[in-house]
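Everything below concerns the one structure shown next.
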C-alpha cells in the first residue's frame, strides 16, 4: 500500500510540473525547477527564517497555506526543504514541522510521500536527461563525481541529493552512488580551481562552464566561482577576453600552473590552462564583491559574455563567443523573491 502512495506522490509532482508549465521555463534557458516560484503561483506563501533545529514547516489554516524554511542551511538543502513542504501542500496534508528531509523507511508515510514528491519535483527524469544532452554527458559520465557535482549545481540540489536522485532514476547503481559520495564537494571544488593545497577554504560552489552552456540562465550564489573551458587557438594568435560592453564587472584570467609545484614528468610538457592543447581553462572573476548582502545585490542579474579575437585585427572582430546569464540566487530572511514580486504586482494592479 505504501508503495502505491509513494508512486502517487511522484505522479502528483509530475502533474504540478505540467500544470505550472515548468518545461517552458527550461526552454527559456533555465536549468532548474524553482520551488519558491511554484509556491507563489499556487498562492502558498514561502517565508525564510533562521531556525535553531527545524529545517522547515508547513501550515494550513482557514483555507490559507504557508511554508517556513530555515535560511541558515545550504542552498541545495533549502530548495529541497521548500519542495518537501510544497509536497505536503499538493498532497493535501495538514500542518507539520520537519527537522530533516533525510527520510528513511521507518518515517511516517506523509513524510515519505512529501520526500518522494520533492525529489520527483526537483529532479524529474526529463530534466536530468535534458541537462545531460545539453552537456553531452552519457550514463558513463555519471560515474564521475565531478560530473554529478556539476549536475547538482544546475538542478539546484545538494551533491548528496543529486547522487541519490540518479539512483532513484536508475541512472547509476547504489555501489556507484557510495563511491561518488566518498568524494567530497570540497575536493571537487579545489580540483576545478587547480588548487593542490587541501587546507584552502573555498567559499561557495564552483561552476565549470563551457560552450555547451551558451545562452543558458544559471542561478548561482554570489559567493560562487566560475571556471570556463574554452577552445584554445593561442598558437594562431587568438585570445579570449570579456566583452566589456556586455560583461561589466568581470575579468577573464587563464589558469597557469607554477612549474615549481608540478611533479617532474620526464619529457612530457607541462600543460598551461589545465586541459591540454585544444582547451584552456579560465577563471571568470568578479571585479567587485558580489557577496554584498543588500537587497539590491540579493536579486542581482548579470549577462556574462566572452569572445575570441586577434588583438591586431581592426575592430577586434570576434572569431568565437560564449554568453550566458547569471541570476544570483541569494537567500535572505523574509518572503521569497517570487512572493515579494507577486505582492508588488498586486499592489501595482490595485493602483
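Glycine too: its Cβ is placed from the backbone N, Cα and C atoms.
Going by TrEMBL, these are the annotated features:
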DOMAIN    40-162  domain 'IrrE N-terminal-like'
REGION    299-318  region 'Disordered'
REGION    330-351  region 'Disordered'
COMPBIAS  337-351  compositional bias 'Basic and acidic residues'
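Residues belonging to the domain 'IrrE N-terminal-like' (40-162) score a mean pLDDT of 94 in the model. Across the range of the domain 'IrrE N-terminal-like' (40-162), the DSSP-based residue counts are 63 helix, 21 strand, 39 coil.
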